[in-house]
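These notes concern the structure reproduced below.
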Amino acid sequence: MASGPSVLMRLVASAYSIAQKAGVIVRRVIAEGDLGIVEKTCATDLQTKADRLVQMSICSSLARKFPRLTIIGEEDLPLGGVDQELIEDDQWEEILQKPCPAQYLAIKEEDLVVWVDPLDGTKEYTEGLLDNVTVLIGVAYEGEAIAGVINQPYYNYQAGPDAELGRTIWGVLGLGAFGFQLQEAPAGKHIVTTTRSHGSKLVSDCVSAMEPDAVLRVGGAGNKIIQLIEGKASAYVFASPGCKKWDTCAPEVILRAVGGKLTDVHGNALRYYKDVKHMNSAGVLAALRNYDYYASRVPESVKKALVP
């Protein structure tokens, strides 16, 4: 007799509903007009009321339902004393109907690490560049990113006042990625997406080495991966140590689930063990197709400067 859904699929189904609630919170904070901005380490490293409320919502909702999970969030916040209205108990039924890939059927709750970025693209959020903003919930097993959920709170926000705002994308390795229409960038074009607010000489040198036909400078790792899977860009190049594990865990899964690849600038896989350092100190290089072309063009000077 068949047993119920696996731990992994129950977790992803919960993360989907939790991410949707997160999108509502993100929109509500802007609508109320007080972003509650504080600087963390510098003027480009910001935290808002939305970052704080969303992280409390995601981490507390997951911890309540999956008490043996390891949950690592971007913001340094206490878990206790969370307002009940921030808790999301639902699970997305459609995900529970999907088959769990065989290699993940026996996973136990305590084997999983969840990486949470409550508001990816915070600086852009504070500047009104709302299409850059995502909420990221990534799931790792034995150091590998295997499942991810991305909510775009302001998807469709330029379609007029009556448009339905927001969407949630999700994926599991070996099953696929859902919630969007896969598109490839124009054949033969090298369109590079890179950082908008964390530029440096290394980043510029690496982007130039790709001989791009166009360069898109936008916020958010989640947003950049969405550009790859929707055909707006052909490579994501970030030759800097500024990106963290919670930025890449969920987006990496979505990209890999549709045949793409994400590594550091040396071509090494990123690892997501619970005790790993949080910073992706050797940068990020990703593509939906033709990854090898971009990897072959990373300058040696950039590789020497960015140590894994």
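Each residue, glycine too, has its Cβ placed from N, Cα and C.
Per TrEMBL, the feature Mg(2+) binding site maps to E74, D117, L119, D120, D247.
Looking at E74, D120, the binding-site residues in this record, the fewest other C-beta atoms within 10 angstroms of the C-beta turn up around E74. For the Mg(2+) site, the Cβ centre of E74, D117, L119, D120, D247 serves as reference, and the other residues of the chain with Cβ at most 8 Å from it are D51, V116, P118, G121, T122, T134, V135, L136, G220, A221, G222, K244, W246. Between the candidate binding-site residues, D117, D247, the densest Cβ environment within 10 Å is the one around D117. Its Cβ placed at the centre, L119 (Mg(2+) binding site) has 30 other Cβ atoms within 10 Å.
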